[in-house]
Amino acid sequence: MVPQGSMDVTMSEAPNVQFNNIPDQLVPDAARPPSPESQRETRHCLGDPSPGEFPLASVPTMVLHILTSCNLDPVDLAKLEATCSFFRRPMNLIPELELSMSEVAALEMCQKRAIFKPMKPQEREALKERCGGSWKLVLKFLLAGEGCYRREKSQVTAGGCHSVVVTSGGDVYTFGLNCSGQLGHSTTDNEWQPRQISSLKGIRIIQAAAGAEKTMLVSDSGQVYAFGKDKLRERGDEHDQVERSKSIAMPTLMESLKGVFVVQAVTGELFMAVLSREGRVYTFCWGKEEKLGHLTDPNDMEPHPLNGALENVPVVQIAAGHCYLLALAFQPSGMSVYSVGCGQGGKLGHGSTGSEKQPRLITQFQMTLNLQPMAISAGTWHAAVLGHDGRVCTWGWGSCGCLGHGIQAYQIVPKVVEGFGDGKAVHIATGEHTTFVVLDNGDIYSFGALHWGNLGHDDNFVVKPRLVTSLTQKELHERIVQISPTNNFRTHGHTIALTESGKIYAFGMGDKGQLGTKLPSGQSRRTQPKRVNIDLS
């Protein structure tokens, strides 16, 4: 067994990486300082107690080919460094002569990532320092972000009463309620079938966020397009109805984000936030009384950096609830979770119901639960974290049993959810009083409110995890890889799910077309998942 390296990283599922041929640009022997090791007899290490050269030391580019094409992740590279001096000594490979073999391999794999490719040399170096000074850590940071929210993969998002589908090629389809132009088709007519946003042809979208009457899309060039309701005001504001009447009916570039390369956007009820490729968080709106780390007018549409404890810590994922924000932060020793905003109901996870004006670390995961977070989800009033070991924690308002702990009381610190049998969770999703958990064996559990049939059950509410039999691998003959419930206050909820082959299923409230079809006369909702007429395969 290979011993643990000095870099403390957790195992993660690295995507397949194609090898990018690197020319054999070795420094000439005459320019290389003589090494005593070069005089030693080359011999295989196995079965020979005396030290010897690594068998492929004379062909480093072949070794590089193997490392970058056999699905190694940062922890594997770190273990190689700890095992053999060949992998940690300078390789003398142009352009960075001092990099070790494992560092060169990590850099090569970073260069295959879409958000890393366009970065300038100085930007890459700044990111490396921000991540801890190693290309292996940069690779871990990039992979973590890709795994959290299906960046650059097909994905589905349930808005207030509309749905958004993004294909792996970057096309966008929308359907459902369109009162504020949130479908992006230059009209305010509802759509009962998935319809592609034609104005985005030629632009590759990699991530989508949908809220109440609002949609945000992120392109592979780091730009953000927004459409629908153009203002976010606090409920009860005397100008609320006037502001809500304004709308933008087609994707419009957010000019205020010029100069920020965005990789993720989220929208809460009272604010929006984006995440840059360097791991910096920016928030918009609801700065009144310094509620999100800044003091501004509630309708301020300029991005404000979320600093404080996160100023020098890169973030890989953000999640927005009604009036609070979660951030999954990257550190060499592992991931951690921060929260900021309104703390009513204990949804910030700090052991109280108080609010936080600046990001604050949720210490429960490291100090009590011994859980390594790998994904976050912020429901309207409650939150969830997925651990690397497959455990799921929830906290916040427990209305209708949405925490899965068997009661409806609020929980002020993260608590592990029981009741998933032998399965390990691989995906979580939260909405307004709803929670979904996808297991590695293909099973899906849900709990919380079912007022609109959006949990896949027929009861009024479920306080403990219950299997959604209609979405199991046995029923569908394939697995669900992503699920998205409505996550907005005072909207009729629905849920949309994506299978590994690209099929889409929807259930819950469907009176506005948000399920991708027109329901029979007199029927406004559907509790059983049905196929949406679009195939992403």
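Glycine residues also receive a Cβ, built from the backbone N, Cα and C atoms like all the rest.
Unlike curated entries, TrEMBL annotations are predicted automatically.
Now, the feature entries from TrEMBL:
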{"type": "REGION", "residues": "20-51", "note": "region 'Disordered'"}
{"type": "REPEAT", "residues": "170-221", "note": "repeat 'RCC1'"}
{"type": "REPEAT", "residues": "222-278", "note": "repeat 'RCC1'"}
{"type": "DOMAIN", "residues": "245-532", "note": "domain 'RCC1-like'"}
{"type": "REPEAT", "residues": "279-331", "note": "repeat 'RCC1'"}
{"type": "REPEAT", "residues": "335-389", "note": "repeat 'RCC1'"}
{"type": "REPEAT", "residues": "390-441", "note": "repeat 'RCC1'"}
{"type": "REPEAT", "residues": "502-537", "note": "repeat 'RCC1'"}
{"type": "REGION", "residues": "516-537", "note": "region 'Disordered'"}
> Where DSSP helix means H, G or I and strand means E or B, what are the helix, strand and coil counts for the repeat 'RCC1' (170-221)?
Replying inline: 3 helix, 24 strand, 25 coil
> Per DSSP, what is the residue count of the repeat 'RCC1' (502-537) in each of helix, strand and coil?
Replying inline: 0 helix, 18 strand, 18 coil
> Which residue counts does DSSP yield for the repeat 'RCC1' (335-389) in the helix, strand and coil classes, in that order?
Replying inline: 9 helix, 24 strand, 22 coil
